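Participant: This is the structure I have questions about; it appears just below.
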Amino acid sequence: MAKRTFSNLETFLIFLLVMMSAITVALLSLLFITSGTIENHKDLGGHFFSTTQSPPATQGSTAAQRSTATQHSTATQSSTATQTSPVPLTPESPLFQNFSGYHIGVGRADCTGQVADINLMGYGKSGQNAQGILTRLYSRAFIMAEPDGSNRTVFVSIDIGMVSQRLRLEVLNRLQSKYGSLYRRDNVILSGTHTHSGPAGYFQYTVFVIASEGFSNQTFQHMVTGILKSIDIAHTNMKPGKIFINKGNVDGVQINRSPYSYLQNPQSERARYSSNTDKEMIVLKMVDLNGDDLGLISWFAIHPVSMNNSNHLVNSDNVGYASYLLEQEKNKGYLPGQGPFVAAFASSNLGDVSPNILGPRCINTGESCDNANSTCPIGGPSMCIAKGPGQDMFDSTQIIGRAMYQRAKELYASASQEVTGPLASAHQWVDMTDVTVWLNSTHASKTCKPALGYSFAAGTIDGVGGLNFTQGKTEGDPFWDTIRDQILGKPSEEIKECHKPKPILLHTGELSKPHPWHPDIVDVQIITLGSLAITAIPGEFTTMSGRRLREAVQAEFASHGMQNMTVVISGLCNVYTHYITTYEEYQAQRYEAASTIYGPHTLSAYIQLFRNLAKAIATDTVANLSRGPEPPFFKQLIVPLIPSIVDRAPKGRTFGDVLQPAKPEYRVGEVAEVIFVGANPKNSVQNQTHQTFLTVEKYEATSTSWQIVCNDASWETRFYWHKGLLGLSNATVEWHIPDTAQPGIYRIRYFGHNRKQDILKPAVILSFEGTSPAFEVVTI
């Protein structure tokens, strides 16, 4: 999670210091009251795997005790899960008779959630709440099965900041309820694109709940439903087909935002690479037996932070724009989010990779601040910000996204290397706080309980911190140490020693109220399709970390007879654990290192664990591996800080009335704008009568009807919600008229939901709509 994810906590700590002990006692009492029970998710079907090391990567007694604790089954945990008879696992003949390819299904579904009154997840900037929508967010699912239909794998790329453990556990639970053991922990990967402009509020660990300003069950349930629907669509639409792979570089769209950390890696290692970022894009092309397009998965290392932390519109950022362009091209005649072709631009080892290619500059003087501490002579680190290539963040998003789309399109068109061979999968739950890491045949070290360093609070050049923390800090500060110690208690000597040279700002692994602040139990997972291996990474690997893991996994496969494997780093998968740097980068303690929560040997631990998964697949011993300790599922979480209130229209007006109409005439390239009497858009998550907040419609004289030309998923539209006092609000719809717009008569429509509550009665959500007067678009 890039950039200043903890400014909310900084404000929280300062507030507590000022208000002194009385407020502290009250808050702690509240946290204890809100503490809920813990449920562990039991086996969801199939084999779930842990690994052993040679020498072993051992799990300590704490993990063993946790895994044997008597707790409730998750089969009864979710009251919202649809309980249906499991789908029988049967070969899908005669579809596959005399066929040697794969059975392929693709699906896409909306998972947008709230677009107002919720914090945007990624920057952690206090007050960066959603206030409208630029594009919809989607879950894109791809199912690949062997010819008899029984052995299959699922890859899902989701337009969210990252996959939370709670989200994955709930999805797996509902998949089990519907499909039995067909879709399981080991063969389903959930990956977040890492957009920093999606809603937060879907986490269960306290650090992320604070950054989200509470848990939003509405958004959580909408995300779960969207992910499941995309998998259902892919499952229903499976057909015989072929998969091809292609690779190629994408130039001019990324820089390393921590080059001084990268330089800590051995010169001999750096000399093997021409760049301090991974420029290679890997593309999977999926077609049916007639050669008709089905879908694309692309993996490329880039942070979706072209939209900066001043943005308040929900959107999928640069990678989402790339998906938008390719899907619109392949699904001609369909509105965005519709049509059979599905294109996912998935995340990879993007930890230190920025799309803001103009680099860091002091915004007050214009001079470069590309230094070890990312700080400016005047104003310090808060003035050091990197910018993208465009005139504004919208333009930069399009430029970077279009470049990725164009390269993926080229690689897709020229893909000729077919992916063949059996499918396999391996998964393990691991206690990452207690892994023995073998440095060589005789010496070992261990991972640590989670902790965040001082440079974490500094943020990055993509989104700086609110207080004057600096990257590259290897010493603490007495002022902040005192605040932390008074409110949270002192970190133990053990955790301080384990994390050196990181100066600990927050000893999250030793904080457990109202729930643990960070996860202990983490997923590691590999899926293979013939000669392709997809490693599901539970966080953000830096460039060199990804390179080392790829090489190690590839070498492990090769040592057991699986030569020439292509290993993909798939980022932000299954559970979020911040960053993973190399041991050498960790010593520099910039943002990424300070956010490597399990200590300096985190990468080495992951390399051991993923090598053992690769070995199990290569030697066909996956079934012999244990599943590992089970993660918790917390039932009660802190509610959102922003309450729901009744919507009100101005006197003499009603919801959807036009307050400011569009002008009578516009030229292409101009912006048509209409302002309506609005209501809180978060109501639409509860009552989904309408599937869009807006439409732009063109009058067709031949049919004497209005035809929709774009909606709120279209890049050229923007929906802004302006919150007033006492339930009053306005909604502004903008249509940035593209050069491709046909001349003619148009109108703009607004669709919303208002919250109404009569005295002594429960609140109800009512739908409404508004329509602007017609206006003309001309090309001259």
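One is the number of the first residue shown, and numbering goes on along the chain from there.
Using the three backbone atoms N, Cα and C, a Cβ is placed for every residue, glycine included.
On a predicted model such as this, the values are computed, not experimentally measured, just so you know.
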Participant: Considering the residues Asn256, Asn308, which is the one that Swiss-Prot annotates as N-linked glycosylation site?
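Facilitator: According to Swiss-Prot, the N-linked glycosylation site annotation belongs to Asn308.
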Participant: Out of Leu120, Leu134, which does Swiss-Prot tie to the same Ca(2+) site as Asp712, Ser714, Thr717?
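Facilitator: So, going by the record in Swiss-Prot, that would be Leu134.
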Participant: Have a look through Glu146, Glu367, Glu540, Glu630 and flag the one Swiss-Prot assigns to the Zn(2+) site that His194, His303, Tyr579 belong to.
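Facilitator: So, going by the record in Swiss-Prot, that would be Glu540.
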Participant: From the ranges 99-109, 220-230, 561-571, 770-780, pick the one that Swiss-Prot records as region 'Required for correct folding and localization'.
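Facilitator: Region 'Required for correct folding and localization', as annotated by Swiss-Prot, spans 770-780.
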Participant: Based on the record in Swiss-Prot, give the one of Cys376, Cys448 in a disulfide bond with Cys362.
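Facilitator: Candidates were Cys376, Cys448; Swiss-Prot matches Cys362 with Cys376.
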Participant: Between the Cα atoms of Cys384 (disulfide bond) and Asp712 (Ca(2+) binding site), what distance do you get, rounded to the nearest Å?
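Facilitator: Roughly 34 Å, rounded to the nearest whole number.
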Participant: Name the secondary structure element type, per DSSP in three states, that contains Cys498 (disulfide bond).
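Facilitator: Going by the DSSP assignment, Cys498 (disulfide bond) falls within a helical segment, counted as helix.
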Participant: Between Leu134 (Ca(2+) binding site) and His194 (Zn(2+) binding site), find the distance joining the two CA atoms and give it rounded to the nearest Å.
Facilitator: 16
Participant: Quick one: Cα separation, His194 (Zn(2+) binding site) versus Thr717 (Ca(2+) binding site), in Å?
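Facilitator: A Cα-Cα distance of 22 Å.
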Participant: Could you measure between Tyr579 (Zn(2+) binding site) and Cys498 (disulfide bond) for me? Cα positions, answer in whole angstrom.
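Facilitator: Computed Cα spacing between Tyr579 (Zn(2+) binding site) and Cys498 (disulfide bond) is 17 Å.
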Participant: When the Cα-Cα distance from Cys376 (disulfide bond) is computed for each of the binding-site residues His303, Glu540, Asp712, Ser714, which gives the smallest value?
Facilitator: His303
Participant: Ten-angstrom check, please: count other Cβ atoms within 10 Å of the Cβ of Tyr579 (Zn(2+) binding site), all chains counted.
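Facilitator: Taking every protein chain into account, the count is 24.
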Participant: Quick one: Cα separation, Thr717 (Ca(2+) binding site) versus Thr779 (O-linked glycosylation site), in Å?
Facilitator: 19
Participant: What whole-number Å value do you get for the CA-CA distance of Thr779 (O-linked glycosylation site) and His303 (Zn(2+) binding site)?
Facilitator: 37
Participant: Return the count of C-beta atoms lying within 10 angstroms of the C-beta of Thr717 (Ca(2+) binding site), excluding that atom itself.
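Facilitator: Other Cβ atoms found within 10 Å: 25.
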